[in-house]
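Engineer: Next up is a structure, given as structure tokens.
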Amino acid sequence: MTSCHIAEAPIKKVAIFGGTHGNELTGVFLVKHWLENGAEIQRTGLEVKPFLTNPSAVKKCTRYIDCDLNRIFDLENLGKKMSEDLPYEVRRAQEIYHLFGPKGGEDSYDIIFDLHNTTSNMGCTLILEDSRNNFLIQMFHYIKTSLAPLPCYVYLIEHPSLKYATTRSIAKYPVGIEVGPQPQGVLRADILDQMRKMIKHALDFIHHFNEGKEFPPCAIEVYKIIEKVDYPRDADGEIAAVIHPNLQDQDWKPLQPGDPMFLTLDGKTMPLGGDRTVYPVFVNEAAYYEKKEAFAKTTKLTLNAKGIRCSVR
């Protein structure tokens, strides 16, 4: 009988990044722990490397020193001539690129898990960059199933203008892991436990795949970004309204036309316009005030993956 499974190369090298943003402490805490004792992340035949991505920002417990490390892995920044005049994060990006890349290179890492926290009520979130990636859709399906009944959402950032140049994008399979809500500079035990389980299930999936387990076709529900929404602003560019109480903490919940979005100081409600239901994410995220983003609108859709198996047993 002819197999209907796609043969994928075995996974050999995996990195786990923590501290890409220095005040998102769950990834920092876990990576520091695994650097001291990495027994729980080791799998037979697999190289797994925990890595503190932005140590200077971690030391100061700030998101970044000069610029956002998770937005500058593009050809322009990676191609700049190395000098002390470059922003710290640009220099660090080039170092990381040489250590873990180049993308598609013979010695580059197959998978990079990049660990993040959000102040928004996002729960367990997996960030997907490519809707046609059968391997990652299969992995995300495995993680979601393993975590159940705990919800795990998939945020698809595939967009011609809104997709950004992530730290993890230098890997063949980039995986963003976002867990919240958690304040910046704080550790919460429940958030720590959830992120730890997500990594465990991801590594288990890789191990099963490498050992020859065949994964049948599957489907997952994802939320695809369609627009970023700024706060209402006055003539001077200052924020003129806040997230409405009905929207606060309602990440992933349907937002209908006419539903409240913002509330002004004089009590005026500003509703969602248009004629379509959207699903808000990163609602009132603290780190996104500087990016002029109150939340992102997404649309819900289903992605299908073909069956996969390892090409070498």
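Quick reminder: no glycine exception, Cβ is built from N, Cα and C everywhere.
Copying in the features that TrEMBL gives for the protein in this structure:
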type	residues	note
DOMAIN	11-206	domain 'Succinylglutamate desuccinylase/Aspartoacylase catalytic'
BINDING	His21, Glu24, His116	Zn(2+) binding site
BINDING	Arg63, Glu178, Tyr288	N-acetyl-L-aspartate binding site
BINDING	Asn70, Arg71, Tyr164, Ala165, Thr166, Thr167, Arg168	substrate binding site
ACT_SITE	Glu178	active site, proton donor/acceptor
DOMAIN	219-299	domain 'AstE/AspA barrel-sandwich hybrid'
Engineer: Taking Tyr164, Tyr288 as the binding-site residues to compare, which has the smallest set of other Cβ atoms within 10 Å?
Structural biologist: Tyr164
Engineer: Measuring Cα to Cα, how far is Glu24 (Zn(2+) binding site) from Asn70 (substrate binding site) in Å?
Structural biologist: 13
Engineer: Excluding Asn70, Arg71, Tyr164, Ala165, Thr166, Thr167, Arg168, which residues of the same chain place their Cβ within 8 Å of the centroid of the Cβ atoms of the recorded substrate site?
Structural biologist: Thr20, Asp68, Leu69, Ile72, Phe73, Asp114, Ser169
Engineer: For Glu178 (N-acetyl-L-aspartate binding site), identify the closest of the binding-site residues Asn70, His116, Thr166, judging by Cα separation.
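Structural biologist: Checked the binding-site residues Asn70, His116, Thr166; minimum Cα distance to Glu178 (N-acetyl-L-aspartate binding site) goes to His116.
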Engineer: What mean pLDDT score does the domain 'Succinylglutamate desuccinylase/Aspartoacylase catalytic' (11-206) have in the model?
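Structural biologist: Its mean pLDDT is 94.
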Engineer: Counting all other Cβ atoms within 10 Å across every protein chain shown, which of the binding-site residues Asn70, Thr166, Thr167 scores highest?
Structural biologist: Thr167
Engineer: Give me the non-local Cβ neighbours of His21 (Zn(2+) binding site): same chain, 6+ apart in sequence, Cβ-Cβ under 8 Å, ordered along the sequence.
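Structural biologist: Long-range Cβ contacts: Asn54, Ala57, Arg63, Tyr64, Asp68, Leu69, Asn70, His116, Asn117, Ala287.
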Engineer: Please identify, from the binding-site residues Glu24, Glu178, the residue with the sparsest Cβ neighbourhood, meaning fewest other Cβ atoms within 10 angstroms.
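Structural biologist: So among Glu24, Glu178, the binding-site residues given, the one with the fewest Cβ atoms within 10 Å is Glu178.
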